[in-house]
Structure formats: C-alpha cells, structure tokens
Amino acid sequence: MAFELPKLPYAYDALEPHIDAKTMEIHHTKHHNAYTTNLNNAIAGTDLEGKTIENILLNLDLTNAAVRNNGGGFYNHNLFWTILSPKGGGEPTGELEEAIDKSFGSFEEFKAKFVKAATTQFGSGWAWLTVQKGGKLEVVGTPNQDNPLMPEIGGEGTPILGLDVWEHAYYLNYQNRRPDYIESFFNLVNWEEVARRFAIEK
C-alpha cells in the first residue's frame, strides 16, 4: 500500500505567531507532499514496497539516494508535525523529565545542547532527541533528510523529538534568523507526545 501524506492535527494557522500559516501550508502541501510522492515512486515495484517506513530506513542502502532523501523526508516530517502543538511549550514531566535529567543534568542543559545542534547544523538538516533501549537520551544533528534510524548516520537511538532547520521551514517568517526560529520552536513542543514516544522506545 502506498504511503500517504498525513493530515495535520491542527490548522495551518494554529502555530502562529511562532510558525506562520503560509509556511505551514507550503511545508505540508508542497515539500512533505513531494517527499511522499517521490518515495512511492522510488519503491514502486521493488522489495521495499509494502514495508513500513521505519523498516525501510533501518535497513537502508545509503547509496539509494531516492529512498534515502524522500524516505527520510517523509518520516522526518511525519514526526515533526506530531510533536508540535498550539498548546505546546513548557517542560516535560514524569519519566521523560527524569531521563533528561539523568542524560543531560537538567532540562536547561538538554535545551542548550539541542539548540547548539540545531544552530550549528551547516546548511539544511535536522536536530534530534533520540532514545536508546534502556532509556538513555542523546542529541544528534543530521544533514539533509537523514535521520538516526539510518545505518551509519550517527546516534544509535530512535528519534522522539525533531526540529527541521531547512530554510523552507522558517525563512518566510524568520529570514536568516535561525536562532529565533529555534527558540520559538520550544513554545510549540508537545511534550506529552514526546513522552509517549519515549515510553514506547525506551
């Protein structure tokens, strides 16, 4: 069965003023939609057809650029939309809070590390919070549409939080002010969803 562009769990203007409606609409209907279409085209008639996106990425042949780029783009954006919320922000609680304190020392230290990964990612890419079996958390940056599920990319965990730092994610509103966009992102993080993913993957 072909992959489908997921519907957003909120309206395009729901994340304003942090992410504007025009950016959201273009990002979802143009960029994410293109990754979805191109991924389906890349796997049509191959042994990858019918597999989950996680299975495809975990066993990816990194030389297969079409699947690497579009499969990554499809998965990354699927996660990105779900960890954003108009009612987001604040800090995590419960087991996730404890794991962040154990892995980084405090929420503030985690945030500083995540902000640095996102800010210093040269060109296009992503910043991630990943969890390994056993509950250890790690901050990882990846270029382009790569992510930590892919072999030999960096990090050994499953992403539970991701931030898109491609210019198409923020340029209409923030232009070259990537740090301002990154700071605004934390006003939108749906920590309940991140905690749900943590509980499944730890």
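Each residue, glycine too, has its Cβ placed from N, Cα and C.
Among the candidates H18, H77, the one that TrEMBL lists alongside H27, D164, H168 as binding Mn(2+) is H77.
For D164 (Mn(2+) binding site), the same-chain residues that are 6 or more apart in sequence and have a Cβ closer than 8 Å to its Cβ are H27, N76, H77, F80, W126. Of the binding-site residues H27, H168, H27 has the largest number of other Cβ atoms within 10 Å of its own Cβ. A 10 Å cutoff on Cβ-Cβ distances gives H77 (Mn(2+) binding site) a total of 23 other Cβ atoms nearby, all chains included. DSSP assigns H168 (Mn(2+) binding site) to a helical segment in the three-state reduction. Note: the domain 'Manganese/iron superoxide dismutase N-terminal' (3-85) comprises 47 helix, 1 strand, 35 coil (DSSP; helix = H, G, I, strand = E, B). The record gives H27, H77, D164, H168 for Mn(2+). Within 8 Å of the mean position of their Cβ atoms, the other Cβ atoms in that chain belong to H28, H31, H32, F80, W166, A169.
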